[in-house]
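See structure below.
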Amino acid sequence: MKTKGLLAVTGMAAVAGFAATGAQAEDLTLCWAAWDPANALVELSKDFEAQSGHTMHFEFVPWPNFADRMLNELNSGGQLCDLMIGDSQWIGGSAENGHYIKLNDFFDANGIKMDDFIDATVTGYSEWPKNTPNYWALPAFGDVVGWTYRKDWFERPELMEEFKGKYGYDLAAPKTFAELKDIAEFFQNRDIDGKTVYGASIYTERGSEGITMGAMDVLYSFGFKYENPDKPYDMEGFVNSPGAVAGLEYYKALYDCCVPPGSSNGYMSEGIDAFKSGQVAMQMNFAFTWPGFESDANVGGGKTGYFANPAGPDGEQFAQLGGQGISVVSYSTKQDAALEYIKWFAQPDVQAKWWQMGGFSCLKAVTLAPDFPASQPYAQTFLDSMAIVKDFWAEPSYATLLQDTQKRFHDYVVAGQGTAQEALDGLVQDWTETFEDDGKL
Amino acid sequence: MSHTPIERVAASTPPAIASRVRGLSDRTLAWIFVAPTIFLLLAVNIFPLVWTIRLSLTNYRANRAGAELEWVGLRNYTRILTDPDIWQTMQATAHFLIWTILLQVLIGFTLAWLINRKFRGNDLWTTIIVLPMMLSPAVVGNFWTFLYQPQIGLFNYAVSFVTGIDPSSFSMIGSVELAPWAIVIVDTWMWTPFVMLICLAGLRSIPDYIYEAAAIDRASPWRQFWTITLPMVLPFLMLAVLFRGIENFKMFDLVVQLTGGGPGSTTELTSINLKREAFEKWRTGYASAYAIILFVTVFGLASIYVKALNKVKER
């Protein structure tokens, strides 16, 4: 009788435990880009496996092929991914084409409030249509284009003196794009410790999204706007405004004067290599790269400084949003377990650990904590940058809009064909054609 | 008593089947044997072709499978044929095609002619020369980006060594003027051995007695080359040109790894452009029309070429 009772209690406990973890244990696959934060997420997810009994598998694809591979997967209704950490621009297409499940009811049922996350990340990663309370993802990884610089070079007395004598102000992290170009020119082809160094590494990649992310990062602060704020999809005079033209001319001038030789097709990894190998004084790159510099033998240990995107000629200051939200793929047969993962991931203690491991949490409880700015050398710059973000189109046709931009910008900036005005006028034509095809114009 | 294998098989066939088979005509039997192949051809080649033609007349986008399909007639075709960007990619493809074939034929034939002579280490040199074509095009593209790197690239240093130009003063894959030549050089490096092998087969198929007869007639080596070697190798050369032409018309991986189609669109060949339209912009209908235009072009050119090749063979 005693044995029977013990067995019954054990059985009931097992059933209760099973119920608490959300039915049977599943094999979940999470799809994301292959990069450092993904490795951190693998480690972080071990806690989820231990708590839930589910097993996590990961499908990581290198950035240049990430969109191709994953959008093919979604468009074909594939069941490879149960969870997708997709790029912010995919949200429109994924919502309208039914690739992601809508999360509003799930958030309400589980007390997950979007107000608890950084506003820009909610708009950028979760909402479709934008600025409406329709959520298709939980902000997972906050990211933004910012700059790193060689603090140790900037602090050399002889360089500081020479710079001040030449430009009339102190050599420090630039506050404006004009200053940034001065500094880049100052360092271009300079001999430092017996090695020729260059001004800056910027995005020029042609194939996926590189040059668009880089040029837009500059254009926003020069007055570029995607459309008339009062009339959606009205782009004439906004995309190709005089300010936008000046911004694109600036980007080309920066490319022509101040990048290392052979920088005609560089994106994130090329920027990291250029900075870590001591080739450049400044580097444009997404914030996700910053933890890697702190631990690097060549540029870590206080040698690297960080600054948010500088201001344009009229004092406007914006930065290109990066980052992603985590969504449940509608074709998954394990949606309950996938939602369980999102519920676990949204917890403040998990988010705090995520930040400690190198993941850029979007939860305000983490980023607005009093000790956050001092938690990492780049933490304050991350906060400053996230406050000024803008993002590329997130329309269902974003891929067409992006490829047109890649071509127009690369043709002008790298290949030197035509003028900035022609490039942006052409872009208005391309985008207009796409929106006409979509029936939006 | 049966003796031949066919008779033995016939004898062992059960009477019920034998009587049925006996009733089939030769024509029916032929159809039975050919039918699986025809079915496969229809399923794998003809149906996709017909389906692509159908899609090319619509605004279909594969990333919006549920969207309403609109019949656009020949609009996709007129858009493509009047798009200056498409003509630019055609020009880039023509430049790549003409120069790679020309260089590969010249160098490949020369190498074959040299390798065909008996000398010590002949086999070793043949193996070394054919190594590049054994590599994956993606790998070749990747490592040539390093060779072309202005600061550390061996290619730039070699040019600098010969000409005295500063190696970091030029970028083979970053310059509008040099990038089209950069892809020609790499493709030539990789595929010249293939042309060489075909030419070598041609050279080795020429019987020695023809040269001996020519030598008895006091024909000079120069005359022997023009009247014996070249005409007899010509069908092989033309075959090599056909293979390389078809391959390079659809060139993708090597160039994507090397330049990504840049700088700007300088090295954006038609296949790269087509892939962007189909799988990056997801304009499936438009891309289908584009593919049909390319198919007709290649098919037409290849047909003319094969006819010319047959005439040369008949001579």
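The backbone N, Cα and C atoms fix where each Cβ goes, and this holds for glycine too.
What TrEMBL lists as domain 'ABC transmembrane type-1' is B:90-305.
Here the transmembrane segment (B:29-51) has long-range neighbours at 295, meaning same-chain residues at least 6 beyond its ends whose C-beta is under 8 angstroms from one of its own. What TrEMBL lists as transmembrane segment is B:29-51 (among others).
Sequence annotations record features per position, and here TrEMBL assigns transmembrane segment to B:96-115 (among others).
Feature annotation from TrEMBL assigns transmembrane segment to B:127-147 (among others).
With a cut-off of 8 Å between Cβ atoms, the residues of this chain six or more beyond the transmembrane segment (B:178-203) that come close are 92, 95-96, 99-100, 103-105, 107-109, 111-113, 115-116, 129-133, 135, 137, 140-141, 144, 148, 170-172, 229, 232-233, 235-237, 239-240, 243-244, 247-248, 251, 254-255, 258-259, 262-263, 266-267. Residues or ranges marked as transmembrane segment in TrEMBL: B:178-203 (among others).
Sequence annotations record features per position, and here TrEMBL assigns transmembrane segment to B:224-246 (among others).
Long-range contacts of the transmembrane segment (B:287-306) within its own chain (CB-CB distance under 8 A, at least 6 residues past either end) are made by residues 49, 52-53, 55-57, 60, 76-77, 79-81, 86, 238, 241-242, 245-246, 249, 270, 273-274, 277-278. Per TrEMBL, transmembrane segment is recorded for B:287-306 (among others).
Outside the transmembrane segment (B:96-115), and at least 6 residues removed from its termini, the chain residues within Cβ reach (under 8 Å) are 122, 125-126, 129, 180-181, 183-184, 187-188, 191-200, 202-203, 229, 233, 237, 240-241, 244-245, 248-249, 251, 255, 267, 269.
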